[in-house]
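S.K.: Structure provided below as structure tokens; questions to follow.
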Amino acid sequence: MKVISSIHELRDQLRGQNRTAFVPTMGNLHEGHLSLMRLARQHGDPVVASIFVNRLQFGPNEDFDKYPRTMEADIEKLQKENVYVLFAPTEKDLYPEPQEYRVHPPHDLGDILEGEFRPGFFQGVCTVVMKLMSCVQPRVAVFGKKDYQQLMIVRRMCNQFALPTDIIAAETVRDADGLALSSRNRYLQAAERAEAPRLAAELNQVREAVLGGERDFAKIERAAMAALAARGWQPDYIAVRKRSNLLPPGPEDANAELVVLAAARLGATRLIDNLEI
């Protein structure tokens, strides 16, 4: 596996490749990330991964400085997955001058849910993804369903800019107790880690209520948030939405068209999760 930081060198290395499969990450790789690499290999060759902790998507009071950086361990894991190239640019490599041009997702998708609680987050995500796509020029790119809203926004962005890249969605990987894998799980204290699967459990409760015929979505959302709050969580949202556009559903929308999404803070750690209904 070649580890490359220069955009020029990356393009030289990939010249002539027309079936490249790309997996962008921020590093601190876990089994969820590695499953993306394996799925990428099913859809293209060679597989290119990137590691870049993107300052543009972190708010002023978020965890950019303490976000876990484990490059040596990450390289070892990617080598075992037979990744062809790891693109690991520095900030100066990717942003040699101030990034004055940004990609702004539409308000109806970028300023709700995660976008409401993390202003500017999706602008930062779209900007770095657009730049990485320009560098790698992949045939396919793999994004996890764990970041459901991000997946939708990136897919729509690629469609509307006519990028020649198909976006492949990967299923969420979970620990045996149901907790969705995340680099931020390492922030959890022992007692918090034991409590953390409750978020997925509440999503399952919402799912079961909807499948059982409940159509008062606001009622079951409030109940789930109250249940988390009673256990010491600080929920930002639990929301049943339409998969197609993340708008609130009506009673006529079929269950198979819905997803429930959640974000909540447990101690100092903010966790997100979702479950398709």
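Here the Cβ of each residue, glycine as well, is placed from N, Cα and C on the backbone.
So Swiss-Prot lists these for the protein:
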- His33: active site, proton donor (ACT_SITE)
- 26-33, 144-147, Val173, 181-184: ATP binding site (BINDING)
- Gln57: beta-alanine binding site (BINDING)
- Gln57, Gln150: (R)-pantoate binding site (BINDING)
S.K.: How far is it from Gly32 (ATP binding site) to Gln57 (beta-alanine binding site), counting Cα to Cα, in Å?
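M.R.: Rounded to a whole number, the Cα-Cα distance is 21 Å.
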S.K.: What does DSSP call Gly32 (ATP binding site) in the simple three-state scheme?
M.R.: helix
S.K.: Test of understanding: give the count of other CB atoms lying within 10 angstroms of the CB of Ser183 (ATP binding site).
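M.R.: 17, counting other Cβ atoms within 10 Å of Ser183 (ATP binding site).
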S.K.: Given Val173 (ATP binding site) and His33 (active site, proton donor), what distance in Å do their CA atoms have, once rounded to a whole number?
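M.R.: About 9 Å separates the two Cα atoms.
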